[in-house]
Amino acid sequence: MKPSLPQGTRDFSHEVVYKRQYILQTIRQIFERYGFQPLETPAMENIDTLMGKYGEEGDKLIFKILNNGLDNPNKEQKTREALEEVFQGKWSKQLTERALRYDLTIPFARFVAMNHGSLVFPFKRYQIQPVWRADRPQRGRYREFYQCDCDVVGSSSLINEVELIHIYDQAFTSLQIPVSIQINNRKILAGLAEICGGQEQLTDITIAIDKLDKIGLEKVKEELTQRGLDQAQIEVIEQYLNIKGSNNEQLTQIEQLLSESKQAMLGVTELRYLLDFAKDSVKSVQLDFTLARGLNYYTGTIFEIKASTVKMGSIGGGGRYDDLTGLFGVKDVPGVGISFGIDRIYDVMEELNLFEGKLSQGTEVLFFNLGSYEIQGAYPVIQKLRQAGIRTELYHEPVKFDKQFKFAEKKGIPYIAIIGSEEITDNKITIKHLPSGWQEQMDSTNIDHIVQALHTQREDK
RNA sequence: GAGAGCAUAGCUCAGUUGGUUAGAGCGUCGGAUUGUGGUUCCGAAGGUCGUGGGUUCGAGACCCAUUGUUCUCCCCA
């Protein structure tokens, strides 16, 4: 058979894995520095846990796992009936009881709901795992991709938002990606909706204005009309969208425009607190009232990260949610969280050439294989180098030097080592640096000296 | 869910209005070269032209279907 991958999935070669690990390790370290602890949840969840949490579209994009034993003749009648239900648009547990996780937030909420009795609140967890979506793959979109989340639950304090802003800032500073951290508050959007026809318009309004930078003001107004808003309401929204200036200027303007809404004013107060707190330490925080974010469970602060110098969708996002675990019967567990879009961060860094010199490398030294007697002499040296932390490989069979050199060249191994019969008698080792041509015979018992030679910077020829 | 493009050697791609035996570069393998590679030179292997039908004296090329893949919209990370 011809081997192939399922649509929208990828193999990662060693170069890519090194780079991805570099990103993940950088972020993980920062999470831990702020007191977040890791959590892992299963790839699959009970289907009830996931269904209905991501909207109608989301349900369609969940990968469902077929039950085993459907071919059992004793259950044939039931199975056929269940299949009929599928044509009615319903998924029966008779056919599927499990599904692949669609994001990390709902499984986390499930975990908190199950364990809230034994957790210490506020509970701070980070989670880095793949998720699966039956979406149609396209540029920057896959059916299997990683999410990298950190959330605090059990605290309404805005200091959590402050911490998350600093995590974002440190992560992207550390990765050397220039970004703007865009920030808004759902209460302001809710206030806008309140003034323009009521809460039930909130979703319609947010979906439309979120598209501002993509489709422009005129198209947004068209969409608002289509969604049933009248002229006066659209006018207010237009004023809202036209707010510009520094963070402080924008806050002043929004206060005037939405002064009627208590909710909006609360949002302004929260934003002012955050911006004030961050204004000296984090330069890249940018107020953006058009930021809406799709997920409906957000209730307060919302974040989104955009790379400033690369054209790419958002590379991170998050926000506050007041009642996530309510879905699982546990009330009053407010939370706030952020997420890093690893796959897109990778693309941005690749484009900006930010990986150079930062990666854990492959093999540092290749021992030539000159025959079984010579290998036995060389092997103790190989093991000592490995104990000393040198990434060391031995060529797998005694073939002519030409081949062994070319192997080292192709794998990008900088040093080769030769221990032949002469060297064995004299306790010597010949080390050669391929890029420069530097070569020296040294004492094979003096491991420190060898390690030192391997760590010396050398100019290429 | 809606729409568009692409599919020829391991990879990147040529292939004329339909015309003999389908090509190139890179890579792979062997040799020049049995303890010092990279360059160079010589040689070789490698193809159901995605699959199935159709039109034609003749199809890699045209038509239909199908599968895969890429991209756009919707939505999202």
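The backbone N, Cα and C atoms fix where each Cβ goes, and this holds for glycine too.
Quick caveat, the model's predicted, so the values are computed rather than measured.
When the candidates A:R133, A:R136, A:R272 are compared with the L-histidine site entry in TrEMBL, which names A:D103, A:L104, A:T105, A:Q147, A:D151, A:R293, A:Y297, A:Y298, the shared residue is A:R133.
Same-chain residues at least 6 positions away in sequence with a Cβ under 8 Å from that of A:D103 (L-histidine binding site) are, in sequence order, A:Y54, A:V131, A:Q147. Maximum C-alpha to C-alpha distance over the listed L-histidine-binding residues A:D103, A:L104, A:T105, A:R133, A:Q147, A:D151, A:R293, A:Y297, A:Y298 is 22 Å. The number of other Cβ atoms within 10 Å of the Cβ belonging to A:T105 (L-histidine binding site), over all protein chains shown, comes to 24. The Cβ of A:Y298 (L-histidine binding site) has 25 other Cβ atoms within 10 Å, all protein chains considered.
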